[in-house]
Amino acid sequence: MSWFIRKEKGINTPTEMKREAPDGLWYQCPSCKKITATREHKLNAYTCPHCNYHEKVGSDVYFELLFDQNKFTELDADLTSGDPLNFVDTKAYPDRIRATQLKTGLKDAVRTGHGKMNDVKIVIACMDFNFIGGSMGSVVGEKIARAINYSLKHKQPFLMISKSGGARMMEAGFSLMQMAKTSARLALLSEAGIPYISLLTDPTTGGVTASYAMLGDFNISEPEALIGFAGPRVIRETIGKDLPKGFQSAEFVLEHGFLDFIVDRKDLKDKLSSLLTMLK
Ligand SMILES: [Zn+2]
């Protein structure tokens, strides 16, 4: 009956490897695999207290983190996408939009709003990766352009938080036009001398990197965010060489002069406020 007796002594599972805790109470970091109480993780701005891994979060978290008492007025909250190309892949585009709206509770891949951040008036646009990979279609471009208009009209600084796989293929050329539209609006902001800060979060790629995300008076990023235009495989095949270590990480991009600084999410609000105070 040896199978009832533990023959090997001293088999211990370290606490962080034990998985019997109910879902929702604990967070396991995908980077260091250590466990944190969900509550503590939230208080830590969804960063890992052990290795500082920045979990991907949506506009609701950034708005709560940045706007004083989470008070803000959302702009164009009901703008939704049309289907200019009658696009069908595995699903018709309007069906995909509706299904994603139901799943995420979002209308499209960006939310914009204005409020106060440490008592400074500010307009913030924040992308949501959950909505079709944070892809930039007409609604994303239009909402960003209108948020910039609000900044211009009320002379308030503009903060863009990017998180995107690039242009939305279901809108093809209409997506690409958003790059020109948002860039032109940002030029007006620059002419008016109103600060524009672009925060790049994990991941920021494609047409978003190639337009508004890299046009900030300050381009800043969260630690270890993936930042690039084309993916590493395409680049490797094009240049026929292996890519350097850490290629397309925020740290690499900073070292090569494309970013001004990297900011820990826990310090984001205070750093942004002191930066904006300096620019006054
Ligand atoms: Zn971790």
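Glycine residues also receive a Cβ, built from the backbone N, Cα and C atoms like all the rest.
Keep in mind that TrEMBL annotations are predicted by a computer and have not been checked by a curator.
As annotated by TrEMBL, Zn(2+) binding site applies to Cys29, Cys32, Cys48, Cys51. What TrEMBL records for 25-280 is domain 'CoA carboxyltransferase N-terminal'. Feature annotation from TrEMBL assigns zinc finger to 29-51.
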Request  = Across the whole of the zinc finger (29-51), what does the mean pLDDT come to? Round it, please.
outcome  = 96
Residues close to Zn(2+) site centre defined by Cys29, Cys32, Cys48, Cys51, Cβ within 8 Å = Pro30, Ser31, Lys33, Lys34, Pro49, His50, Asn52, Tyr53
Query = Which Cβ among the binding-site residues (Cys29, Cys32, Cys48) has the fewest C-beta neighbours inside 10 Å?
reply = Cys32
